[in-house]
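As recorded in Swiss-Prot:
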- 10-13, K24, Q79, 84-85, 106-108, G142, E157, N172, N230, R336, K354, Y369, N380: UDP-N-acetyl-alpha-D-glucosamine binding site (BINDING)
- D108, N230: Mg(2+) binding site (BINDING)
- 233-253: region 'Linker' (REGION)
- 254-458: region 'N-acetyltransferase' (REGION)
- H366: active site, proton acceptor (ACT_SITE)
- A383, N389, Y390, S408, A426, R443: acetyl-CoA binding site (BINDING)
Amino acid sequence: MISPLSVIILAAGKGTRMQSAKPKVLQTLAGKSLLGHVLDTCHQLTVDDTIIVHGFGGEQVQAHIAEQYAHLPITWVAQTEQLGTGHAVKVTLSDLPKEGQSLILYGDVPLVSCQTLATLQAANIYGVSMLTLTVDNPFGLGRIKRDKAGNIEAIIEQKDASSDEQQIQEINSGIYCVDNALLHKFLPKLSNDNAQQEYYLTDIVKMAVADGITIAAIEPEHTFEIEGVNNRQQLASLERTWQGKLVADLQEAGVQFADPTRVDIRGTLSVGQDVFVDVGVVFEGDCTLGDNVYIEAGCVIKNSQIGNACHIKPYCVIDEATVGAGVDIGPFAHLRPETVLSDNSKVGNFVEIKKSTIGHGSKVNHLSYIGDATVGTGVNVGAGVITCNYDGVNKSQTIIEDHAFIGSNSSLVAPVTIGDTATIAAGSVITKDVDASALAFGRARQTQKDNFQRPTKK
């Protein structure tokens, strides 16, 4: 029988060195809060209870999680005094089940992997397992003290370590998997009789050893998995490390980056073969790229699906759009939510499309706004065409049927339908439906005054 798993996330720190009114765990890395990373990772496991210990900015933290993770049942526990990590876990005891085991994690250590946590959980055979790492420079970190047989005896904090103990290079990450029964047994016994006058969570290791419990230790695959964030520099460094990992994974999947250090992935990116990504491209949310997609510099793509063989030219913004195969976009195009571009369509420079469908092979090449519209197959939309979809209160639909031709600088005042193969003369204001195959004019007749004299200065 699998032991029930609780997750305790310590998220009470203020993060003074961040110089921010926002709690540290709400700072963002790769477009997601630090705490959000931890929640997403641990809930890839089978978790029975989630307890978050909050402190500074607790209302902000709870509001953020309620908005982003409404589907997760979370127990919130306040740590009103910052008395150390041991005290932070201790305040959860009234909500922590007596049975099962708990992963103890940190809201400012965002990149521990699901695989590492699963291995840590599996290693907890005797009651306590912990994540450790051997580093070149252990200064400031808790040292793992082992006996002659190699068994863990204790964790010694930097300020309490002797000169010999300070030479130890194996350090404590602070991440544990502990039987709940042992937490209920050991945490009430913690003392703050140390240099920091804090209640150290690390003391439960010493207590477990005194009870004859063998402490299991594993190391993460990547050093960055245990790196915490205390200031802006560390946050920026961890951001670049994580982006490097994401880019490397995509390169292994066949993506070519013009410069792997100049791309940001702030979510999940699924890719086909032979994708090219130029410099300065940002992916946000859940994005999918088909085969042979070519994305030029400076584009922002958010929660969108891009079909095979699409070419996205520089500085386009694509937000919650679905793009078919063989589509050309940009430069400087803006696709807003609920835009659908069918196969082989084209959207050119300085075109904005919102909540509209552009049919197969249709073109909107220049300086146009298409909103709340359905555009059929083989339609040509000339430069400067505007669908006037808003009357100040309501949005209305524009329908342009197959093979229609919309002349430049025309305004289509919705609700309006342009029939199959209809032609709209340039400069028209169309306020009524246009029949199939008709030519519609909606402008004043041209007037010419011969020998006109311009005004002159007096």
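Just so it is clear, glycine is given a Cβ too, placed from its N, Cα and C backbone atoms.
Features as recorded by Swiss-Prot, highlighted on the structure.
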{"residue": "G13", "record": "UDP-N-acetyl-alpha-D-glucosamine binding site", "Cβ contacts under 8 Å, 6 or more apart": "P23, K24, V25, G55, F56, Q82, G107, D108"}
{"residue": "G84", "record": "UDP-N-acetyl-alpha-D-glucosamine binding site", "Cβ contacts under 8 Å, 6 or more apart": "N192, Q196, E198, Y199, Y200, L201"}
{"residue": "N230", "record": "Mg(2+) binding site", "Cβ contacts under 8 Å, 6 or more apart": "G15, R17, M18, K24, D108"}
{"residue": "R336", "record": "UDP-N-acetyl-alpha-D-glucosamine binding site", "Cβ contacts under 8 Å, 6 or more apart": "D319, E320, A321, E352, I353, K354, K355"}
{"residue": "H366", "record": "active site, proton acceptor", "Cβ contacts under 8 Å, 6 or more apart": "G348, N349, F350, V351, G382, A383, G384"}
{"residue": "A426", "record": "acetyl-CoA binding site", "Cβ contacts under 8 Å, 6 or more apart": "G382, G407, S408, N409, S410"}
{"residue": "R443", "record": "acetyl-CoA binding site", "Cβ contacts under 8 Å, 6 or more apart": "A425, G427, S428, V429"}
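Recorded residues N380 (UDP-N-acetyl-alpha-D-glucosamine binding site) and Y390 (acetyl-CoA binding site) have their alpha carbons 23 Å apart, per Cα-Cα distance. A383 (acetyl-CoA binding site) falls within neither a helix nor a strand when secondary structure is assigned with DSSP, and so counts as coil. Counting other Cβ atoms within 10 Å of each Cβ, the binding-site residues D108, E157 show the lowest value at E157.
Distance from the CA of L10 (UDP-N-acetyl-alpha-D-glucosamine binding site) to the CA of Y390 (acetyl-CoA binding site) is 49 Å. Counting Cβ atoms from all protein chains shown, Y390 (acetyl-CoA binding site) has 12 others lying within 10 Å of its own Cβ.
You'll find the Cα of E157 (UDP-N-acetyl-alpha-D-glucosamine binding site) roughly 66 Å from the Cα of N389 (acetyl-CoA binding site). Other Cβ atoms within 10 Å of the Cβ of N380 (UDP-N-acetyl-alpha-D-glucosamine binding site) number 18 in total over all chains. For the pair N389 (acetyl-CoA binding site) and L10 (UDP-N-acetyl-alpha-D-glucosamine binding site), the C-alpha distance works out to 50 angstrom. Here the binding-site residues are L10, A383, and the one with the most other Cβ atoms within 10 Å of its Cβ is L10.
The residue listed as 'active site, proton acceptor' falls within a strand segment according to DSSP.
Averaged over the region 'Linker' (233-253), the predicted model has a pLDDT of 97.
When secondary structure is read from DSSP and collapsed to three states, R443 (acetyl-CoA binding site) falls in the coil class. The 10 Å shell around the Cβ of S408 (acetyl-CoA binding site) contains 17 further Cβ atoms across the protein chains shown. Taking every pair among A383, N389, Y390, S408, A426, R443, the residues listed as contacting acetyl-CoA, the largest Cα to Cα separation comes to 22 Å.
Cβ neighbour density within 10 Å is lowest for N389 among the binding-site residues G107, N389.
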